[in-house]
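Copied over from TrEMBL:
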{"type": "DOMAIN", "residues": "A:7-122", "note": "domain 'Tetrahydrofolate dehydrogenase/cyclohydrolase catalytic'"}
{"type": "DOMAIN", "residues": "A:141-279", "note": "domain 'Tetrahydrofolate dehydrogenase/cyclohydrolase NAD(P)-binding'"}
{"type": "BINDING", "residues": "A:GLY167, A:ARG168, A:SER169", "note": "NADP(+) binding site"}
Number of protein chains: 2
Amino acid sequence: MSQARLMDGTALARRIVERTAHRAAELTSRTGVRPCLATVLVGEDPASVTYVRMKQNRCRTANIASRHVELPAETTTARLVRTLRDLSADPSVHGILLQHPVGDHIDERAAFEAIAAEKDVDGVTFASFATMSFALPGFVSCTPGGIMRLLDAYDVDPAGKRAVVVGRSAILGKPVGMLLLARDATVTYCHSRTRELSSVVREADIVVAAAGRPRLVRGEDVKPGAVVIDAGYNAGNVGDVDFATAVERASLITPVPGGVGPMTIATLLEQTVDAAARQLAG
Amino acid sequence: MSQARLMDGTALARRIVERTAHRAAELTSRTGVRPCLATVLVGEDPASVTYVRMKQNRCRTANIASRHVELPAETTTARLVRTLRDLSADPSVHGILLQHPVGDHIDERAAFEAIAAEKDVDGVTFASFATMSFALPGFVSCTPGGIMRLLDAYDVDPAGKRAVVVGRSAILGKPVGMLLLARDATVTYCHSRTRELSSVVREADIVVAAAGRPRLVRGEDVKPGAVVIDAGYNAGNVGDVDFATAVERASLITPVPGGVGPMTIATLLEQTVDAAARQLAG
């Protein structure tokens, strides 16, 4: 059997960011206002610091202004909620990203819900989850949205296909399943309590591995010809899919890195410009 | 093979309503306030009129006051939204039910979102869908919530089982799948675009038929020993399951009528008293 074709998230993300940069510049020249993403960071977790910095850098390349708010690790829920409400009310901010996870002492859900729906460019609010689930206009969670863009770019139509999502987190597994369902896939959610995971995954025409467990999905679990999306990020650039064996069975597969990862930020930037365009038109 | 045991929704709903009536009376004697459900009806569709009247009657038997608002068929979205916001702000109303579907000229989603989350005892808002999906405290959609109560009453633990939901509506199929997922089932959503529906249903330890298509699920599609929940209501008291053949293969099955139906109203009443208890305590 021949090897799977790679789904090149780096190249697709670059095209999306270029188009986004063009739209942002056009919007600025038309309105005099630069689209602006506010990033909020609580504490000094090194990985979070790195992620936020990366997002700010990408904003620059996309002609998006960024405003950064840093709060000390001991910030209370009330203080964080106030910050997010203020940003929600600030007309010079068009999109808001709360870098998460936040500390355990903070009610993360209360913080997310303090983000105005029209600025929720990271797709973390109840309203965004519901609009994704009901196929209504709204923002998508960035990684799920990026996965759908990848599928579209490689002409994978989910309609009528069996899709298996491994993982059920609030910002990845659950929403990507809902987006696939909205596109008429027959969707199965698997997770840590699923019995005989291998045999369930083997039913899938499209597999989305999003469990955060290194090499959980092995080649022998992949139905020959399936499309394999690896949304896992584990230490040492290892995904949730055992790439070496899965590439021998899949028809299309995302590499790690360079697959889903770059699509997440591209979606964030694109949605920031969407938000700005809508707010500046309103 | 022996016939399935019937899941008696009528008897279970009666016990829930009795307990709810007792809690409501206790709450009233303690606070001087009767729990109150506001029902809102737009137009004069005979089925809707009947449903609303039935709900009001059941409120009475559960020691719940009901306030009824009737609006003419030509009511605008703005007018309906205003009515629902007023009820949301009215401290003497604890729960709000908008009888739906409303007319095609009304933005039903805008109307639902005008219901305060803490009074959404019918579980129709984005917030309720999200709390169901993320296993957070909140109100459930009444039919999905009733289905989970039936499963519990018959000692069906969804954990690790394969559940297949046929149908993906916003207030039935989607939320019941999310509730089953929160209880650790491996959940598959099927719908009109699903290929080989019979073979997918045959994988299920728990089948929830919620497609609104008479006798869509036939006995031959039921895995021997499966639990079959029929959430369909079609003309002539016909469910979405072909009862006569399915009863020969299932281990447990809901009749139509007398299965899921009575559980829906019982859940509505119970959540109304929950809402009142919370609001009167706050």
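Quick reminder: no glycine exception, Cβ is built from N, Cα and C everywhere.
TrEMBL feature annotations superimposed on the structure.
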| residue | record | Cβ within 10 Å |
| --- | --- | --- |
| A:GLY167 | NADP(+) binding site | 23 |
| A:ARG168 | NADP(+) binding site | 25 |
| A:SER169 | NADP(+) binding site | 17 |
Interface-adjacent binding-site residues, chosen from A:GLY167, A:ARG168, A:SER169 when a CB lies under 8 A of chain B: A:ARG168
Extra residues within 8 Å (Cβ to Cβ centroid of A:GLY167, A:ARG168, A:SER169), NADP(+): A:VAL165, A:VAL166, A:ALA170, A:LEU172, A:GLY173, A:LYS174, A:TYR189, A:HIS191, A:ALA210, A:ALA211
Model confidence over the domain 'Tetrahydrofolate dehydrogenase/cyclohydrolase NAD(P)-binding' (A:141-279), averaged pLDDT: 97
